[in-house]
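K.L.:
Okay, so Swiss-Prot annotates it like this:
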type: REGION; residues: 1-109; note: region 'Disordered'
type: MOD_RES; residues: SER2; note: N-acetylserine
type: COMPBIAS; residues: 15-25; note: compositional bias 'Low complexity'
type: MOD_RES; residues: THR40; note: phosphothreonine
type: MOD_RES; residues: SER44; note: phosphoserine
type: COMPBIAS; residues: 46-56; note: compositional bias 'Basic residues'
type: COMPBIAS; residues: 66-75; note: compositional bias 'Basic and acidic residues'
type: COMPBIAS; residues: 95-109; note: compositional bias 'Acidic residues'
type: MOD_RES; residues: SER101; note: phosphoserine
type: MOD_RES; residues: SER105; note: phosphoserine
Amino acid sequence: MSARGEGAGQPSTSAQGQPAAPAPQKRGRGRPRKQQQEPTGEPSPKRPRGRPKGSKNKSPSKAAQKKAEATGEKRPRGRPRKWPQQVVQKKPAQEETEETSSQESAEED
C-alpha cells in the first residue's frame, strides 16, 4: 500500500520522460488479425463432414417405420397455414356456428 501512495502523486508518463503517443508499431483500423499459432506435436486428422458412406444402404429401424406410418399428410415446412380439411373433419353442429363466426371475421377485415 505504501508503494502505491508514493507513486500516486506523480503520473507515470512524466516520470519516465516518454510520451505515450508514439507506439512501437502503428496499428491499422478495424479488428486486429488473429496471430498464426505454430503447430505443436502431431496434427490431428480431420474428421469427414456429412453423411457416412454406407449409411444409405441400411434399412430404417422399427421405431422409425412406426413413426412414418403414424404421420398422416406431409405438410410443407415453414409457417403453418390453414388447411381446408380441418373445417370438413369437424362435426356438422359445430360447422354452422363456425360459418357465422367466419363471416363476421371476414366483414371486419
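Residue 1 is the first one shown; counting continues down the chain.
Note: Cβ is positioned from N, Cα and C throughout, glycine not excepted.
Are these features on the surface or tucked inside, and what touches them?
P.N.:
In this structure, SER44 (phosphoserine) belongs to neither helix nor strand by DSSP; it is coil. Sequence-distant neighbours of SER44 (phosphoserine) (same chain, 6+ apart, CB under 8 A from its CB) do not exist here.
Within the chain, the compositional bias 'Basic residues' (46-56) has no long-range Cβ neighbours under 8 A that lie six or more residues past its boundaries.
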